[in-house]
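According to TrEMBL, the feature compositional bias 'Basic and acidic residues' maps to 1-11. Per TrEMBL, the feature domain 'Amino acid transporter transmembrane' maps to 66-457. What TrEMBL lists as region 'Disordered' is 1-31. What TrEMBL records for 66-87, 93-116, 151-176, 182-203, 210-231, 251-269, 290-312, 332-357, 378-398, 404-425, 437-460 is transmembrane segment.
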Amino acid sequence: MDQHQLDKENQRAALFHSSGPSSSLGADGEEERETVPLLSCKMADDKSDTVQVSEDTAHQISIDPWYQVGFILTTGVNSAYVLGYSASIMVPLGWIGGTCGLILAAAISMYANALLAHLHEVGGKRHIRYRDLAGHIYGRKMYSLTWALQYVNLFMINTGLIILAGQALKAIYVLFRDDGVLKLPYCIALSGFVCALFAFGIPYLSALRIWLGLSTVFSLIYIMIAFVMSLRDGITTPAKDYTIPGSHSDRIFTTIGAVANLVFAYNTGMLPEIQATIRPPVVKNMEKALWFQFTVGSLPLYAVTFMGYWAYGSSTSSYLLNSVKGPIWIKTVANLSAFLQTVIALHIFASPMYEFLDTRFGSGHGGPFAIHNIMFRVGVRGGYLTVNTLVAAMLPFLGDFMSLTGALSTFPLTFVLANHMYLTVKQNKMSIFRKCWHWLNVVGFSCLSVAAAVAAVRLITVDYSTYHLFADM
């Protein structure tokens, strides 16, 4: 091992969950590597509780315009998950509850994300990871807890996306051969393989660029097809049942689960990681991206969710394209677009884990497409997505994944933690009314998180008693 490599290993040993090369673009357009010194952060008085937070990363930061970040956020909002919102949100809540819930959840989510965006620069430095921000404010234990919550959140989102991709592939197969030979677990395995191939070729989040444009096109294709075909079906079948199904006790649990789905629809649970890619001024540009997400970017979600529920009522499928009727080739295009968009969207939600693995264990030598870096991605990212795919094939209960993810991770990360961190950092500048408002959010969303987790576990228990492992749903 040469001196450079020895120095590199010594540096890694000194870091807590974060080390590696920082990337920037030199004057000649080539990527330059430099080591960014560790920046200590002020937390608890106990020195043993101090976390060394670093801006050192193997991925690129501070290079994307606000509109690229806006498209990243919009890609997450309008992923193929929107094809399930008619069933998972509107059916349990009905017209009034579902409509008000979507609008209210958008407003609350916009507010919470704006709070988080304003905390990106605290203590005189940028915090490019959610866990770094939490560690800076609270200490080592919260650093670890935040990382655990975020990992669960992103892992389950990725698992759900692989399930969606598998459902899209199976829907295409059933259009041509409904013989039951190609089962959902096989389609999920194939989807995981394609997602892995894509992950090998895209080294970091900022490298998506043109793929974000393609993702938008794919989203518009399946949303427009689902919208138009649902409209036609709704016109030809005027008799629809909008009764909320289930017994009184069932409705309570499904309503709570639907509230978790509302939160899940708008939030990524990785806002600091996305904001890390944006050009300065980071707060102002992030606000532009958020306004884009919650205005123009959310319109397709509303259109397909409301139209699907209007057309099919309480009988709408958990995957809307399974309910629509029409020419086989049009449904094939819609399902293929959903599959391809899901592959791109998964890369967004997996990027914090990729960044951690690349920074902690990557070589730090050569460009992102050097052969040893490609092989590293094949081994590490391939292993991570293999676990995702295995879980997706074993438990393909899509709606339950959305509910449990919203309960366990999205509620705490987006609402509880964001409000409490803002309260902690800005409390000396707040009025009594604002302090009470933030504490109300902290307590209220904590209670909702617990209730939603209970409801989601119940749903999974019910489905598990109905479907066996590796079920062909």
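Every residue gets a Cβ built from N, Cα and C, even glycine.
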Among 66-87, 151-176, 210-231, 378-398, the most Cβ pairs under 8 Å with the transmembrane segment (332-357) come from 151-176
Looking at the transmembrane segment (66-87) and the transmembrane segment (210-231), are there 3+ C-beta pairs under 8 A, with each pair at least 6 apart in sequence?
yes
Any chance the transmembrane segment (182-203) and the transmembrane segment (290-312) have 3 or more Cβ pairs under 8 A, given the pairs are 6 or more apart in sequence?
no
Looking at 210-231, 251-269, 290-312, which one has the highest count of Cβ pairs under 8 angstroms to the transmembrane segment (437-460)?
251-269
Pairs 6 or more apart in sequence, C-beta under 8 angstroms, 3 or more of them: is that satisfied by the transmembrane segment (404-425) and the transmembrane segment (210-231)?
no
Sort out the residues at least 6 away from either end of the transmembrane segment (290-312), same chain, that have Cβ-Cβ distances under 8 Å to it, and list them.
66-67, 70, 73-74, 77-78, 82-83, 85-87, 89-91, 95, 98-99, 102, 106, 109-110, 113-114, 117, 219-220, 223, 226-227, 230-231, 233-234, 237, 240, 242, 265-266, 320, 323
Of 93-116, 151-176, 210-231, 378-398, whichever stretch has the most CB pairs under 8 A to the transmembrane segment (251-269):
93-116
Same-chain residues at least 6 beyond the ends of the transmembrane segment (151-176) with a Cβ under 8 Å from one of its Cβ atoms are 79-81, 83-84, 182-185, 187-192, 194-195, 269-270, 319, 321-322, 328, 331-332, 335-336, 338-339, 342-343, 345-346, 349-350, 352-353, 385, 388-389, 391-393, 396, 398, 401-402, 404-405, 408-410, 413
Go through the chain and flag residues at least 6 beyond the ends of the transmembrane segment (210-231) whose CB is under 8 A from any CB in it; none is fine as an answer.
68, 71-72, 74-75, 78-80, 82-83, 202, 300, 303-304, 307-308, 310-312, 320-321, 323-326, 330-331, 333-335, 337-338, 340-341, 344-345, 347
